[in-house]
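The following features are taken from TrEMBL:
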TRANSMEM  12-32  transmembrane segment
TRANSMEM  44-66  transmembrane segment
TRANSMEM  98-115  transmembrane segment
TRANSMEM  127-144  transmembrane segment
DOMAIN    135-271  domain 'Fatty acid hydroxylase'
TRANSMEM  181-210  transmembrane segment
TRANSMEM  330-351  transmembrane segment
Amino acid sequence: RFSTWYPFGVAKCCYVVAQYLVMAPVVVHGAYRVMNKGWGDIDLAYSLILPSLALRMIHNQIWISLSRYQTARSKHRIVDRDIEFEQVDRERGWDDQIVFNGLLFYVGYLAMPSVRRFPLWRTDGAVATALLHAGPVEFLYYWFHRALHHHFLYSRYHSHHHASIVTEPITSVIHPFGEHIVYFTLFAIPMLSTVYMGNGSALVFVLYIVYIDFMNNMGHCNFELVPKWMFQVFPPLKYLMYTPSFHSLHHTQFRTNYSLFMPFYDYIYSTMDKASDELYESSLKGTEETPDLVHLTHMTNLQSAYHLRVGFASIASKPSDNSEWYMWTLWPLAWLSMVVAWIYGSSAFVVERIKLKKMKMQTWVVPRYNFQYGLTWDRESINDLIEKAILDADVRGVKVLSLGLLNQVTNPYFKNSYCRGT
């Protein structure tokens, strides 16, 4: 196993180092300024470049974990299909565009001296940014997106993005390099305009990028999460904000729902999919799934949390004994997740849903780790968690329940490798 994974691990480490090495000029530039003129020489715009990149990565990772957890357990799934291995591999480098954008922001900072005098906030700049996004950005994106679906551009560029039928949040940023250039140019319109109008501000820039990331991630979830009351309270919102089901139709039908975040232009140019409202209603209502088989397992060591599908894709796709070089930085998070699970983990949770031909299978995890199974005083609570999961499976009509790992040993009544729900 080591000989199989070692070349891949070395290549991956080299790739990660090279990927983030492109931001070295930002760090060196900042260090030089501090050493020569002190911290007072670091202006607000420059000081936000690297923290904003970290914020974007954390933001995206939260969406990834939330989406995969909800896809496994939620009854509001839109496309009832599993994600292919090829898609996981194709979308592994989702943070590339964040690093690339950070480098472009740094180049823009050097090229425009007026940015260095940015205030923290300007209301007129925020209003201008919103209007410029709703107007030029959404309009130009709509027509550019329609052009990408012409067979000439689609086969050479956009088909890479549409290879993901079952979308995940990170699907939103998986594009060829040429498309990334155009998208960055479009999103730069409000920012550059406020710079030249003299009403730009650092916080508006950051919030605009957060808005783009939020809407991108939300729209590519494979479950409906936008509540109906929002459209009932403010009916025009249906023209100003799309939903995951709205954009999911674009990935399944291809020739409809081209808009970026605002369906307004699809209504104007009659490219709105007629099934959009119906799919939204049905996805919001949802369908409860009864699995044929449930595998009840538990966490092993602290690092095993990252090998769940809700964890980090770059770790989850590798053997559990193959640690990345940066794993030590995640130990505080691992300990925190263990403590939270210990205190608030009152029942097993679904982490995976799989279809094998006609058989529906789910994996449920008891929120306990290997070492906790060896604690005498915690054995009763673990036993209660296992029995609660078994009873829950029985109520739901599960045909077969398989006990994995130490769950077989801990519960004396269920020592067989499997038991029927009845």
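Numbering starts at 1 and runs along the chain as displayed.
Every residue, even glycine, has its Cβ placed from backbone N, Cα and C.
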Long-range environment of the transmembrane segment (330-351) - Cβ separation under 8 angstroms, sequence gap at least 6: 69, 72-73, 296, 299, 302-303, 305-306, 308-310, 362-369, 372, 385-386, 388-389, 392
Beyond the flanks of the transmembrane segment (44-66) by at least 6 residues, Cβ under 8 Å: 23, 26-27, 30, 94-95, 98-99, 101-102, 105-106, 109, 115-116, 118-120, 168-170, 202, 205-206, 209-210, 213-214, 217-218, 221, 310-313
Helix, strand and coil counts within the domain 'Fatty acid hydroxylase' (135-271) (DSSP): 95 helix, 1 strand, 41 coil
